[in-house]
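Novice: My structure is below; once you've seen it, I'll send some questions.
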Amino acid sequence: MASMATNENLPPTVIRQLAKELKNLDDSPPEGIKVIVNDDDFATIFADIEGPAGTPYENGIFRMKLILSRDFPQSPPKGFFTTKIFHPNIATSGEICVNTLKKDWNPSLGLRHVLLVVRCLLIEPFPESALNEQAGKLLLENYQEYARHARLYTSIHALRPKNGAISAALNKNQYNTLLAPIATSTGIKAFGLNSQDQHAAPSAVLGGASAAPRKDGPLAVKVPVDKKKMDARKKSLKRL
């Protein structure tokens, strides 16, 4: 396992790139995400993520951190939530399971992309690759019970938004922008991802095949679902 880095042992070129990225994130933060910059330690990057509207995490702010190793960006950062959260792809230790931070990592991916991927995970969990088996089982078998657990954790552990807090603009309506058009350059730009991520989406962005559609809950769609289109979408996801 690679040792964790500090500013002293990160290569100067990496420090300069991180400083540029962090300044950009501070000047122009992604929707619903606020990065906490520590100029003395770029190796541990904290961010506050606002629970997307229409999910069990709504009205909560969750702190996470990215830990960079000495060989970053050749190896991916490790992601953890420091705020307790009930989610299939987040272990009770806080470890985040998403393909972007594992097999789909690419050194050209920036911090903005990683943070957007993590927030997407709050909209569309993937119980098939669960680190929290209880959450994954509930999501597949009893969504209402899963949502109840997740809302309870949110009410107890998450920070509360204040006036002027980060935006919760990434909601269930914008989720359609993520999942359907993201494979096109228009969809990629709309969601704020880099053009080189086009061929990685949506499975690389979200971490796997889409969870089974639910009849109710925050991701339910009010209009009837076209089954043929849904089946076609699932097949296309499996090929990615």
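Note that Cβ sites are derived from N, Cα and C of the backbone, with glycine treated the same way.
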Novice: May I ask you to indicate which of 133-168, 169-204, 205-240 is given in TrEMBL as region 'Disordered'?
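Specialist: Here TrEMBL associates region 'Disordered' with the stretch 205-240.
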Novice: Including all protein chains displayed, how many Cβ atoms other than that of C97 (active site, glycyl thioester intermediate) lie within 10 Å of its Cβ?
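Specialist: Result for C97 (active site, glycyl thioester intermediate): 20 other Cβ atoms within 10 Å.
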Novice: By DSSP assignment, list the helix, strand and coil residue numbers for the domain 'UBC core' (13-159), in that order.
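Specialist: Helix/strand/coil tally for the domain 'UBC core' (13-159): 58 helix, 28 strand, 61 coil.
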